[in-house]
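Student: According to TrEMBL, the protein has these features:
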DOMAIN    B:69-280  domain 'ABC transmembrane type-1'
TRANSMEM  B:12-37  transmembrane segment
TRANSMEM  B:68-94  transmembrane segment
TRANSMEM  B:106-123  transmembrane segment
TRANSMEM  B:155-178  transmembrane segment
TRANSMEM  B:211-233  transmembrane segment
TRANSMEM  B:253-280  transmembrane segment
Amino acid sequence: MARAISPRRKWTITVVAWLLGLALFFPILWTVLTSFKTEGEAIASPPSLIAFDWTLANYFEVQARSNYFKYVGNSIVIALGSTLIGLLIAIPAAWAMAFSPTKRTKDVLMWMLSTKMLPPVGVLVPIYLIFRDTGLLDSRTGLIGVLTMINLPIIVWMLYTYFREIPGEILEAARMDGASLAKEIVYVLTPMALPGIASTMLLNIILAWNEAFWTLNLTASNAAPLTAFIAAYSSPEGLFWAKLSAASTLAIAPILIMGWFSQRQLIRGLTFGAVK
Amino acid sequence: MATLHTQSTARLMMAPAVVLLLMWMLVPLGMTLWFSFLRYNLLMPGMEEWTGFDNYYYFLTDPAFSTALVNTLLLVGGVLLISVGGGIALALLLDQPFFGQGIVRLLVIAPFFVMPTVSALVWKNMFMNPVYGLFAWVAKFFGLQPVDWLAEVPLFSIVLIVAWQWLPFATLILLTALQSLDEEQREAAEMDGAGPVSRFIYIVLPHLSRAITVVILIETIFLLSVFAEILVTTNGGPGLQSTNLTYLVYAQALLQFDVGAASAGGIVAVILANIVAIFLMRIIGKNLDA
């Protein structure tokens, strides 16, 4: 329901809100713009906002110099791999908890959540040593395993909150109509559960893509995803801001777009259903 | 309601998730606990021996620990102050009707999706660089002396970078909570003659209190473990000026190879995080009953 406000007030709010929004977005915009500059223009003073010679050279150079797509590939494999395995483990669990809850269900959920509260440094040393001794250091398999485990509680929780919204009566109705269990799952439950599963998947891909503790500590070059690749630009020698910007733009663009589409789910997932 | 499955199938369906998480939690944490009582350095293999609480004694009495603890608290506190304070203000603003609401909302939440290494390096180079950075240019433009942000005020700079990432999160959650506020209640208060300030204090703020608590607790859990932003900007320095607990444990384990001390530090970090977690769990647990 719209409140009646004066046009003048509405315009004032419009201007202030846009200015603040643009200010917060500015570092991202600046990165994208810098990625189209030459290295010289990237550090020019005074800096130019759009009046420079636009070039795509940085994008080609990043790929030519450091085989950028290898890191993109690692990011994709690790984010997708850990998400899919996580879903495979979590869907049955969340399903059981939502549709046949016992008095211990709540405790199990809370306990799962508590594993998420564990700070990573609490287990850094043993994980590192186990990985070193089993050859999992700098391997995509190892990283997929770790990211699956750290995000599993969020996946279970999110799926649980979605599944719980599917009314149990609809199952009974289907059964009355003579549907078998298999039919029930395929024709009634799956369509109702799919949107929740898709949202969970989206949020989890975002989280896995941006994870920057384990990816930095457990990889060197082979399995390094984009987080680690970008971190390599922190070395002080040389100013490669235009190339850094090109690499950064490619690294954040897909996730930014996915994030924009999944705002609501993000809230549900990251607050464990406490705020909807 | 056990209509779909019997209890045993339900248990079977939960088993993989429960068993895996149990292993993930117990095995490494148990190892950390065990290592924390050993003298154990990776550079001296085969020399491990039981030392009781020595590692804890050394870790907790090392001046680096108190520095890192203070830095951790300043980092968490600083980011919370900016993100929650700014988040409330921004959410109140964005909740008003104005042109392009949807687009501004997208602009505001965007920083949350930027991976930590990217945001840290973009800020470090393109904004905070004392010679070529935008801040330096602005300072020179006004005839001021440019600041070497990460060298002179390293912790504050990191607070700014991390706050930029978390302000959107706070705003998004508080805005969502605001939108569930009963409009009629607000209008009724307005008709009763309540001004904007008292309406905020007596109606909006109480309504937001739960969302604010959730934001504070969730951010605290994540902020206690800030790592990448420090690694790529200052490496914890200069000296220990921007070293937090997470970074200190990392340095002890993977730079000095002191497994024993790092494990003791890890256990200390777990205990600190648990203190926060208990409060968060209580709130979420209550919500589960509702």
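Glycine residues also receive a Cβ, built from the backbone N, Cα and C atoms like all the rest.
Automatic, uncurated: that is what TrEMBL annotation is.
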Student: Establish whether the number of Cβ pairs under 8 Å between the transmembrane segment (B:155-178) and the transmembrane segment (B:68-94) reaches at least three, counting only pairs separated by 6 or more residues.
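Tutor: Contact criterion met.
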Student: Taking contact to mean three or more C-beta pairs under 8 angstroms, with sequence separation of 6 or more, is the transmembrane segment (B:253-280) in contact with the transmembrane segment (B:12-37)?
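Tutor: In contact, yes.
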Student: Can you tell me which of B:12-37, B:68-94, B:106-123 gets the most C-beta pairs within less than 8 Å of the transmembrane segment (B:211-233)?
Tutor: B:68-94
Student: Looking only at residues six or more beyond either end of the transmembrane segment (B:68-94), which have a C-beta under 8 A from one in the stretch?
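Tutor: Counting only partners 6 or more residues beyond its ends, the transmembrane segment (B:68-94) has Cβ contacts under 8 Å with 101, 104-105, 108, 155-156, 158-160, 162-163, 166-167, 169-171, 173-175, 177-178, 200, 204, 208, 212, 215-216, 219-220, 223-224, 226, 240-248.
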